[in-house]
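Undergrad: I grabbed these lines from TrEMBL:
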type	residues	note
DOMAIN	30-336	domain 'Plant heme peroxidase family profile'
SITE	67	site 'Transition state stabilizer'
ACT_SITE	71	active site, proton acceptor
BINDING	168	substrate binding site
């Protein structure tokens, strides 16, 4: 299985290199392995060490840093626009509904950037830091490791409206999720694999309240003979029984919340996905295509890891700025003066 994993991963890198190269404009260039080998040889080590320290202090930070890349790449592309603070007429994406009082990890990225600026001034982009931190977070929680392709540059703007429009909502329908991913150049396979990121992390009651208050939320593709779904729903209702608990947290994976594994898919098959947008992968899949892949991931963790890496590499190349596009920010929160 290890040989199979390595061969598939190398093939994914080759395919992604071709996709990235063909998609870039005349002023860009491809994302590369070892991009900072000469200009900042300790860049990846600095990121890795400080992500490890942050996760040791706060284990939930691994999921937060992974989520940060999703919320960055789905708005304008993987360009660190999500890190920009409100300044002048530009409203920060941090204030958008999917992010406000929810997205975390900014201080971790700030500190890593501070160290990298000291070691290699104006060399390592904030968007590359996000990509490396997401990879290291997954690996530290027991997930796969992959070679991050680097060379992204940082945007000069943020999009508050884009953050509200393009980041999938936790109560999304399956059709909405498919269309949302399609807008980013991602297909159904990517949707299924990347949803597995919910094997770590937690969500606020506010994010899944609709799942426990609406009577039809426990409908599934088979009869709930052992009352597993309704029991799970009662547990969630007890945790989030009124609006005073909207900010209470529940694990996205109730079985192994601290580990990056395939239990997210096992949970889906048992009707125990936390968010509506998790459960619709099964309940609204009328053709059965998604269910078959979920079943494969539930019984074969190595397959999930292979496909997750391939989709992360694909997502990490969305509308990247390279070459002389954008800039290398000195401070991730502000464009350079």
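Quick reminder: no glycine exception, Cβ is built from N, Cα and C everywhere.
All annotation found in TrEMBL is predicted automatically rather than curated by experts.
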Undergrad: For residue 67 (site 'Transition state stabilizer'), which residues of its chain lie six or more apart in sequence with Cβ-Cβ distance below 8 Å?
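TA: Once residues fewer than 6 apart are set aside, residue 67 (site 'Transition state stabilizer') is near 103, 104, 105, 197, 201.
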Undergrad: What's the CA-CA gap between residue 71 (active site, proton acceptor) and residue 168 (substrate binding site) in angstrom, rounded?
TA: 9
Undergrad: Please give the average pLDDT for the domain 'Plant heme peroxidase family profile' (30-336) in this predicted model.
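TA: On average, pLDDT over the domain 'Plant heme peroxidase family profile' (30-336) sits at 92.
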Undergrad: So if I draw a 10 Å sphere around the Cβ of the residue listed as 'substrate binding site', how many other Cβ atoms end up inside it?
TA: 19
Undergrad: Other than its own, how many Cβ atoms are within 10 Å of the Cβ belonging to residue 71 (active site, proton acceptor)?
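TA: Neighbour count, Cβ to Cβ under the 10 Å cut-off: 22.
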